[in-house]
Amino acid sequence: MHFTTIDYVIFALLLVASMGIGLYYALSGGRQRTTQEFLLADRSMSCLPVSLSLIATFQSAVAIVGVPAEIYTHGTQYWFIGCAYILGLLIPAHVFIPVFYRLHLTSAYQYLELRFSKPVRICGTLTFIFQTVIYMGVCVYTPALALNAVTGFDLWGAVLATGLVCTLYTTLGGLKAVIWTDVFQTIVMFAGQLAVIVVGVQQTGGLAEVWRKVWEGNRISGIDLNPDPTERYTFWTLGVGGVFLMLSLYGVNQAQVQRYLSSKTEREAIMSCYMVFPSLQVALALSCVMGLVMFARYCGEDRFHKIGNLSKNEMVLYFVMDMLQDIPGLSGLFIACLFSAALSTISSAFNSLATVTLEDLIKPHCSSMTEARATLLSKGLVKIQILCLIMTFLYLFQFKAAFKIFGMVGGPLLGIFCLGMFFPWANSTGALVGLGSGLVMAFWVGIGSIVTRTSGGPAAVSHFNCTAVQLSGNITTAVGTALNSTAVQPMGLQRFYSLSFMWYSALSSFTVVITGLIGSFLTGPMKEEDVTPGTLYPLLGNMLFFVPDNLKQNLCCSTPLGHRVSQQSTWDVCTEEEEEEEERQNFLPTSPTPVVEHETTV
């Protein structure tokens with residue numbers, strides 16, 4: 001199963017088009033001469049490209065091959081994670097985006113210094129860098145393995161090719177090039193998945209035959225309301241635990257926040273978050289349907305057990321090449337689909353890492369740095385990231401569970417931002433204590449589950465029930481039987497390690513908030529007059545709307561901070577003319593301190 005000439009042409013077109021977009025933006029506009037243009041696309045992007053870029057950033061090759069394998073193995077229960085997309089996108093749209101956008105930030109971690117202190121900002125930045133560097137290696141491994149499988153291309157060569165292409169168009173075109181290549185790569189991703197589904201359905205015998213096999217094979221799952229948190233996938237695990245995972249990705253992750261901040265106006269940023277929802281549902285549906293088609297294709301054949309014994313990466317690649325090997329160009333399209341997912345994720349990581357390194361670690365110590373030098377330095381930082389990518393790839397051969405680290409670190413980062421936005425009493429000491437305890441909790445349960453080889457408990461047992469198939473003559477053999485083994489429930493610490501990985505973000509986020517509040521009260525809670533204006537979201541004040549204002553002020557410091565800043569509340573209602581004036585003000589140069597103006601209602 002190897003590439004044909006047309007497959008190579010299609011794959012090469014993907015790389016050439018990505019570099020062409022970067023070259024175009026290097027030679028147009030302001031030609032990436034300022035950090036605002038290079039890192040934030042001159043704050044001029046509309047909602048459509050931003051929304052597609054938001055999808056592409058975390059729709060990695062790992063998801064494209066991983067989700068179909070999950071559906072093949074465990075059924076359609078995973079599909080219910082789509083329920084988490086609702087709150088997982090509404091909350092960022094109406095809570096995180098207004099706060100970040102109105103503070104005129106470049107890095108999300110500038111917020112932590114405004115709200116707490118510089119040490120908290122540095123700790124948050126270093127945590128994000130660690131998370132992203134590990135994730136880059138995970139995302140580049142899957143397409144490199146795929147290219148090696150179908151072309152014999154060396155794994156190291158594939159890694160270098162991915163890194164060099166990303167580095168070229170990211171350095172040349174800045175965030176504008178990254179966003180528009182994400183748009184192009186998202187289309188390629190959808191096209192590649194759709195091609196596999198269409199051909200797979202045709203070769204299986206049509207939609208009716210696919211449905212019959214997946215139904216008889218027990219792949220269609222109903223709503224599982226089991227409250228046990230150790231179950232791998234239940235409605236609560238996916239619908240509630242998934243919300244916290246979504247918030248860590250689309251609420252406070254620098255790669256996504258940077259796209260929100262590149263929007264023309266706050267309204268455009270909010271609209272881009274809304275537009276992500278249907279596109280994410282489409283991406284989820286394509287991945288799940290691919291898994292069902294893969295199951296239907298091999299259920300009842302002698303290859304059923306063979307593909308079930310493959311790893312998840314190999315399982316999907318075997319299916320794709322088996323389906324598409326006789327159709328010129330489609331194999332190249334799917335490999336381009338995988339590389340599109342990898343390129344979009346890696347380029348976003350390069351850009352966001354360069355941003356936080358410059359804004360959070362270098363600029364605070366080099367206040368006299370000129371704009372031209374800062375822009376040149378940010379481009380140099382992007383080039384250095386390829387070394388991080390290669391080192392991470394080498395590290396993955398020794399630590400296969402690196403993908404779990406991304407989830408383990410995202411929860412504490414979400415917790416530290418929630419602590420700052422929603423709890424006025426939280427101080428810098430409490431924030432540091434909370435972040436540290438959240439990381440300890442996340443790594444404790446995560447590493448514990450890896451060492452004890454548990455990941456979601458008994459629900460990981462699959463139930464195959466393929467229909468019988470006649471293999472030769474009149475001999476009928478059942479190629480799939482129900483595997484109904486009663487799993488032994490873990491006890492004590494073993495049960496704690498069996499917690500479903502979908503709860504990792506929620507557990508570590510709550511740990512940060514609770515220990516952060518305890519540490520803040522023990523060291524002296526922060527007073528209202530010490531909080532930087534615009535860094536709080538009045539969550540408690542809105543929840544306790546029935547409590548008198550004077551009591552609310554004593555209980556939760558919920559008096560709008562804007563009342564003491566020229567009588568202007570950050571959350572007051574304003575007229576349409578004031579909204580337009582605010583949007584015009586967004587184009588003013590960024591000031592070192594937050595600007596509090598008339599704002600729109602959240």
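Including glycine, each Cβ sits where the backbone N, Cα and C put it.
For reference, TrEMBL has these:
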REGION    577-602  region 'Disordered'
TRANSMEM  6-27  transmembrane segment
TRANSMEM  47-67  transmembrane segment
TRANSMEM  79-101  transmembrane segment
TRANSMEM  122-143  transmembrane segment
TRANSMEM  155-175  transmembrane segment
TRANSMEM  187-205  transmembrane segment
TRANSMEM  233-252  transmembrane segment
TRANSMEM  273-296  transmembrane segment
TRANSMEM  376-397  transmembrane segment
TRANSMEM  403-423  transmembrane segment
TRANSMEM  430-451  transmembrane segment
TRANSMEM  501-522  transmembrane segment
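For the transmembrane segment (155-175), the list of distant contacts is 15, 18-19, 21-26, 32, 37-41, 140, 143-145, 147-148, 181, 258-259, 262, 339, 342-343, 346-347, 350-351, 379, 382-383, 385-386, 389-390, 393: same-chain residues at least six beyond its ends, Cβ to Cβ under 8 Å. Of the candidate ranges 79-101, 122-143, 233-252, 273-296, 430-451, 273-296 contributes the most Cβ pairs within a distance under 8 Å of the transmembrane segment (47-67). Tertiary proximity for the transmembrane segment (79-101) is limited to same-chain residues at least six positions away from its ends with a CB under 8 Å from its CB atoms, namely 71, 108, 111, 221, 223, 233, 235, 238-243, 245-247, 249-252, 256-257, 260-261, 263, 266, 269-270, 273-274, 276-277, 280-281, 284-285, 288, 417, 421, 534-535, 537, 539, 586, 599-600, 602.
Taking residue pairs at least 6 apart in sequence, the transmembrane segment (403-423) and the transmembrane segment (187-205) share fewer than three C-beta contacts under 8 angstroms.
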